[in-house]
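*Asks:* What follows is a single structure, and I will ask about it in a moment.
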Amino acid sequence: MYVRAKCHGVLWVYGDVLPGAVEVMNRFKEMGKKIFFCTNNSTKTRKELLVKSHNMGFNITEEEVISTAHSLAAYLKNRNFNKKVFVIGSEGITKELDAVGIDHTKVGPEHMPGSLQQYLSNHFKLDDNIGAVVVGFDEYFSFPKMTKAASYLNNPECLFIATNTDERFPMPNMVVPGTGSFVRAIETCAERKATVIGKPNVAICEHLIKDGTIVPERTLMIGDRCNTDILLGYNCGFQTMLVGTGIHQLNDVDSWKASDDPELHKLLPDVYLPKLGDLLPYM
């Protein structure tokens, strides 16, 4: 059996490990199961996610970490991409691009000095060597970045790639926009759709299925967000488990189950648990 687990919301929340998560995942490995940590978080490299996992006590290797930043770098490398990438995102993406020898723009703040007219007249400049626009989570997302992205994408030969389309991160008393918010904004002004690497798209683990590392009918996908994690399981033919420590809850599942919309039925998990640690007594 193969176990794929989302990280944030299933194994940990920011820097805090969720109760019982370490014990359950390590027990899977002791039982001889192959496990993978699969995340749409593009702000960290695989190595950084591995260090975080080890510090929390998880017994896992770098090859068992699947991240969108690493997957998009591999995607470009496999296409023999030899131009420059315009990155809207963080160093998790640029470090993974560096690792495969792909040139890219810098990340960080890009402010618009003065008015829009002043910016376009005196500061706006495009790089002739850009061959791809990549969009990940960017806490410095701005009007200048969106303007440049759409301008590059006006060239139909320029690739348009998104790490994921997670809409938002609900937190106490606030909502933090997710990568999907940035992707949709650029899709609108560029009048193009992005190729999405992360969950729920099969691209994030297709290579593991093709080479036989993962056997879909013997794989369990564990997640907290149904339109990414559980839908990935549906798209890949995995069994699915929803845990209630993140985005979606059992009442969401009940409402989708009562719907006549077949697309909503794809979001229904096979199993629900309040938290991953609840599985431990049955192992």
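Cβ atoms here come from the backbone N, Cα and C positions, even for glycine.
Keep in mind the model is a prediction, meaning the values are calculated, not measured.
Below are the features listed in TrEMBL for this protein:
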- Lys199: substrate binding site (BINDING)
- Asp224: Mg(2+) binding site (BINDING)
*Asks:* How many neighbouring Cβ atoms, not counting its own, are there within 10 Å of the Cβ of the residue listed as 'Mg(2+) binding site'?
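*Replies:* So the number of other Cβ atoms within 10 Å of the residue listed as 'Mg(2+) binding site' is 26.
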*Asks:* Expressed to the nearest Å, what is the distance separating Asp224 (Mg(2+) binding site) and the residue listed as 'substrate binding site' at their Cα atoms?
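*Replies:* With the alpha carbons as reference points, the distance is 12 Å.
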*Asks:* Please list, in sequence order, the residues in the chain of Lys199 (substrate binding site) that are at least six apart in sequence and whose C-beta is under 8 Å away from its C-beta.
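*Replies:* Listed in sequence order: Lys6, Cys38, Asn40, Asn164, Gly223, Thr228, Asp229, Leu231, Leu232.
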